[in-house]
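Asker: Pasting a structure here, questions to come.
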Amino acid sequence: MTQCELPSRRNCFRRVCTSAKYLLPPGVCNLLNPSTIYANNEVCLADIEIYGFDYDYTLALYSNSLHSMIYNTARDILVEQYKVREDSSHLVSGLGLLMKIDAFHYIQLGTVYRGLKPVPDEEVTELYQGTHHIPLHQVSGFYGKGPAVKQFMDIFSLPEMTLLAVANDFFISNDIDYDPIHLYKDVTDAIRDVHIKGLMYKWILQDLEKYILRGEETYAVLRRLVDNGKKLFLITNSPFSFVDKGMKYMVGKEWRDFFDIVIVQADKPHFFNDGIKPFRRLDENGDLQWDKIIKLEKGQVYKQGNLFDFLRLTGWRGSKVFYFGDHLYSDLADLMLRHGWRTGAIVPELETETKIVNTEQYSQSLTWLQALTGLLERMQMFRDAESQQVLQDWMKERQEMRAVTKNLFNPQFGSIFRTCHNPTYFSRRLCRFSDLYMASISCLLNYDLRYTFFPRRTPLQHEAPLWMDQLCTGCMKTPFLEEMAHIR
């Protein structure tokens with residue numbers, strides 16, 4: 001190609017691709033079903049004999065009203081107990097910066113906030129000594145707590161993140177001198193108090209219908225597993241009185257008949273990684289008993305304990321056990337890496353994100369973004385001034401399309417699964433700590449209990465992509481999804 005040919009080819013290409021829809025194959029939209037289960041690892045359900053569950057955001061899904069209550073109450077605690085004052089209709093909070101990072105520890109520029117205001121990219125680069133990379137040692141804590149960075153990894157984090165942002169903004173807007181570390185601790189303690197003082201449990205129990213969603217689906221899952229001869233157990237950090245009333249609402253008065261073992265106030269993740277606390281039995285009134293636990297019996301309720309005693313008393317080891325939870329660190333990491341259990345991550349946000357991915361606007365934006373990237377890759381060898389100008393125009397348009405695609409999910413942070421083209425740090429942990437992931441446990445109703453999940457064979461960077469590699473995992477034609485559609 002000569003220099004004089006490039007502009008005409010550019011114009012021709014633009015005329016052909018004025019709308020990205022011309023690049024889309026028929027039927028590419030609406031392929032993903034929000035009730036699909038996605039596989040990071042190959043799993044055959046026929047091999048699973050024992051199913052275990054967390055309670056909050058696993059067996060029990062909660063409405064957004066709960067987040068508002070946690071936020072409002074923690075805000076009041078912050079004002080009254082920690083003497084943070086507000087002079088407007090909203091409050092206070094702050095951990096230096098809120099940001100999103102990718103699987104390689106790079107900050108996604110445009111997603112960094114100090115309080116409620118975005119931090120310019122130039123300032124972010126200056127803060128991190130000329131780069132936008134977070135050093136490994138700052139985020140390397142196994143349970144998501146590095147010395148300088150706290151990872152927010154589950155949907156329960158939303159009230160805390162919001163309170164941090166609003167409080168931080170209050171101090172900045174009012175020119176109040178403060179240490180973000182102290183404010184972060186106070187906000188975290190206020191959120192913790194909502195849980196420790198039992199306030200959240202009280203709200204939910206006072207209005208189960210308002211706060212608990214889709215309880216009939218939880219019943220359907222448990223009923224189906226038991227009817228197929230599977231053993232079930234529950235390990236939760238919540239107290240028995242709270243779990244009991246919630247399960248009675250969702251499953252019925254005899255809910256404990258579904259479970260072979262029930263463990264409450266387990267103190268995860270410590271339950272999974274130390275062998276110190278013994279099991280204690282609770283009587284029918286919820287009072288602690290003094291007998292030594294030499295076996296875990298069906299019909300009984302146990303408090304605390306540890307996984308090592310659990311394994312010794314049950315013999316439930318290895319890949320025949322499948323545990324579901326919503327927190328990658330507290331629920332799944334130890335079980336996957338140290339004990340070889342199968343693990344399933346519950347990611348409620350997946351349902352909303354799937355619906356966005358299915359829109360024509362997203363498909364067109366992503367397709368045009370990928371086309372621009374391909375053009376830049378192929379045309380960068382032309383070094384003349386006119387060609388370089390074309391490349392600069394395309395680079396600018398690519399940045400604009402990245403912002404458009406991000407904003408479809410969330411104007412501040414975008415998708416929880418991607419930072420532009422890279423997976424997020426959350427996605428990296430999700431792939432490492434879970435065999436399967438899904439929006440809710442009710443997704444299990446869409447699959448036969450002998451079904452084998454196969455992860456999509458995504459070509460590595462040095463491998464030639466094959467058409468078969470691109471077959472959609474989770475499309476509407478996935479077996480059982482259509483015939484089980486009445487469940488959802």
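Glycine residues also receive a Cβ, built from the backbone N, Cα and C atoms like all the rest.
From a predicted model like this one, the values you see are computed outputs, not experimental measurements.
According to TrEMBL, the record shows the following:
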ACT_SITE  D54  active site, proton donor
ACT_SITE  D56  active site, proton donor
BINDING   D54, D326  Mg(2+) binding site
BINDING   D56  GMP binding site
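I'd like to know what surrounds each of these features in this structure.
Answerer: Cβ environment of D54 (active site, proton donor): L234, I235, T236, K268, Y323, F324, G325, D326, H327, D331, I346 lie under 8 Å away, each six or more residues apart in the same chain.
When Cβ atoms from all protein chains are considered, those within 10 Å of D56 (active site, proton donor) total 24, not counting its own.
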Asker: So for D326 (Mg(2+) binding site), how many other CB atoms are inside 10 Å of its CB?
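Answerer: A count of 23.
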